[in-house]
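Let me give you the structure first, and then I'll get to my questions.
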Amino acid sequence: MTLEMLPEQIQESKIYREWGLTDEEYLKIKDEILGGRLPNFTETGMYAVMWSEHCCYKNSKPVLKKFPTTGPQVLMGPGEGAGVVDIGDDLAVVFKAESHNHPSYVEPYEGAATGSGGIIRDIFSMGARPIAILDSLRFGPIDNGKTRHIVDQVTAGIAGYGNCIGIPTVGGEVAFDESYAGNPLVNVMCVGLIEHKHIQKGQAKGVGNSIFYVGAKTGRDGIHGASFASKEFGSGSETQRSAVQVGDPFMEKLLLEACIEVIQNHGDILVGIQDMGAAGLVSSTSEMASKAGSGLRLNLDNVPQRETEMIPYEMMLSESQERMVLCVKKGHEQEIIDLFKKYDLDAVNIGEVTDDGFYTLYHKGQMVAHVPVDSLAEDAPTYYREAKVPERIQKFTDSEKYLPEITDSAVSEIFKKLLAQPTIASKKSIYETYDSRVMTNTVVAPGSDAAVLRVRGTNKALAMTTDCNARYLYLDPEKGGAIAVAEAARNIVASGGKPLAITDCLNFGNPEKPEQFWELTTAADGISRSCLALDTPVISGNVSLYNETNGSAILPTPMIGMVGLIEDVKNITTQEFKKAGDLIVLVGQTFDDFSGSELQKMLTGEISGKIDFDLETEKVNQDFVLKAITDGLINSAHDLSEGGLAIALAESAFANGLGIDVEVDLSNAQLFSETQGRFVLSISPENQAAFEKLLTESSASSEVIGKVTDNGILKINELSISTDEAVSIYEGALPCLMK
């Protein structure tokens, strides 16, 4: 049991600093908000979590305003539990990504599992049925025993939660770098489907309407989890296990089904619904009231508790999982109680909506908190941080491009070594632990450019992906941010889809350090530039700052999650070559783009230099490839990313054990160049004339560089290796490194 301090003791001891409040913020609460009254223990705790970066985005809010968030396809953008995008037929796709980085270092299994649980609740709080999970993971060097343990437990946590709740984990990405050794990134994206009429909002309005607590009971787990996620790691951070929540996917499954039933069958009595996520009960309820311009009066005696003698501070700040808040029309309380009882879940009336604009809590007959509701939510402070260009950026800008030389005799060995690099090597050993087929909607499972799920009752499908190459952002945050969006769109296009919108997880260092804030705001400029050019507005997202360990920051890593629409399932395209005799086509020109590449990192052990990115060419090439796919001219498509052309060709040949015979006017090194905006396609010879005619109507560049063979040999200029040997290296590298 936590011992409450008196208001005077809080002021004198300054314990609020440990909870994340600054002296200035504490004085603002006391003098400006409470009119000179000292905040009590519960109130101080509530402000500490609600004014954390994790909850109020006080450092990043000005940056987020840069993003384009509207478009004809957008039904609901940032501000609700998740974004909503129209896909026609009175249907919409709902999606969002969340981070659970700090908890996943302290308790990797539970941190990753509850990250999945939280984002799933965000989706069904909108009224949507979750249909897919994707993850974007970053770890330290895999030759480190601690890293291997974290990789094993994080992937087990994601698999355990998703598999048990019955939602397929269909895609994602994994990368390794020294900067993540003490601060792994666990970003989870969830996608759902909904009929327009069932779309919900997280609001509490209508004086006298009831506030219901539904789901699991409240414990002491996760208290100050939001504050924990809003500061750097230090030497004692690994012991902060009380800030990590514990999940129960079977409870979440019941909660999901109960909430969907309320929304679909009792929508007329439901005013609003919201997940109890970061900052638990205080966050969900105060945000619902603030958005509606209401007040709330809550009786904490009614909060279901799984531990004894919990005090108001603990009940309000607990981040126990599998809990939701519902605002229900007055007079219909019993209907809600009866429905949740059917699922053996608590559904308890804990308060009511008021019109006084205050957030008032009672416990054992005593008022234990009384503050303006907007001061907890909408009126939380916003800071405009100083931005300063890091010294390394000017150094990279002034430097020459990195240009490796690879001899004919060395190119095959270089290729083999690249195949075994942890970031390039097959992640099959990870994604095979996930159930990617449950719900039976998965058409393209993990391993291709994007996952594809059919939309039942229509002829449509959804393509989805997560992407970010943080090395590019380290060299140039603006171009790197733009590339992250462009690569996500390339993956959607290569799967036959039209990109619709993005969600993001902005993983950066300490925003109070000018160089770190510059990385954040500059990356946002690049993301915005690509989103505008590619017509992919930002509809939801998450900010995770303070990703530093003992003062050392991670690489800037804005993970981009994207969903695209495939209008006709016949246009679904995968990356693998289909049959011998098909022509291999390279779309896009190749230049000497090695700065930040896998090749540079492998050969030199570092990344340096300046990068180029032509967004206009990217858009032209994407439009051309999508048109060729929808015209039925393409048998396979694969985007070029890490490792360049040689790796993309190999990955295209692997699935069906085919060979390739490629002659292309590139140097040995250029086979591994990472020039953006490129695709590898295969087409039937009988479609070549139609393909070339379509090319004349576009300004895209394209050339036939070879053909698919059945001899089991990968031959690219002077590079030659058997497909079987290459597959063995590619699929065996990660399992071997994990031993």
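Using N, Cα and C of the backbone, Cβ positions are placed for all residues, glycine too.
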Quick check on the annotation: Swiss-Prot has Y57, D504, G541 binding ATP, so which of K14, K96, K460, K601 does it put in that site too?
K96
Need a hand: Swiss-Prot gives S99, H100, N101, H102, R121, E319, S320, Q321, S544 for substrate, which of Q245, Q394, Q622 is also on that list?
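According to Swiss-Prot, the candidate sharing the substrate site with S99, H100, N101, H102, R121, E319, S320, Q321, S544 is Q245.
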Between E319 (substrate binding site) and E98 (Mg(2+) 1 binding site), how far is it from one CA atom to the other, in Å?
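Distance (Cα to Cα, whole Å): 15 Å.
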Given the binding-site residues R121, D122, D504, G541, N542, find the one whose Cα is closest in space to the Cα of H100 (active site, proton acceptor).
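Of all the candidates listed, N542 is nearest in space.
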Near R121 (substrate binding site) in space, meaning Cα within 10 angstroms, which of the binding-site residues do we find among E98, D275, D504?
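Within 10 Å of R121 (substrate binding site): D275.
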Determine, to the nearest whole angstrom, how far the Cα atom of D275 (Mg(2+) 2 binding site) is from the Cα atom of H54 (active site).
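Cα of D275 (Mg(2+) 2 binding site) to Cα of H54 (active site) measures 15 Å after rounding.
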Using a 10 Å cut-off, grab the number of neighbouring Cβ atoms around the Cβ of D504 (ATP binding site), all chains included.
32
Using C-alpha atoms, which one of the recorded positions H54, Y57, Q321, G541 comes nearest to E98 (Mg(2+) 1 binding site)?
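Result for E98 (Mg(2+) 1 binding site): the nearest of the recorded positions is G541.
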Around the C-beta of Q321 (substrate binding site), how many further C-beta atoms are within 10 angstroms, looking at every protein chain?
29
List the Cα distance (Å, whole number) between S99 (substrate binding site) and Y57 (ATP binding site).
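Cα-Cα distance, S99 (substrate binding site) to Y57 (ATP binding site): 14 Å.
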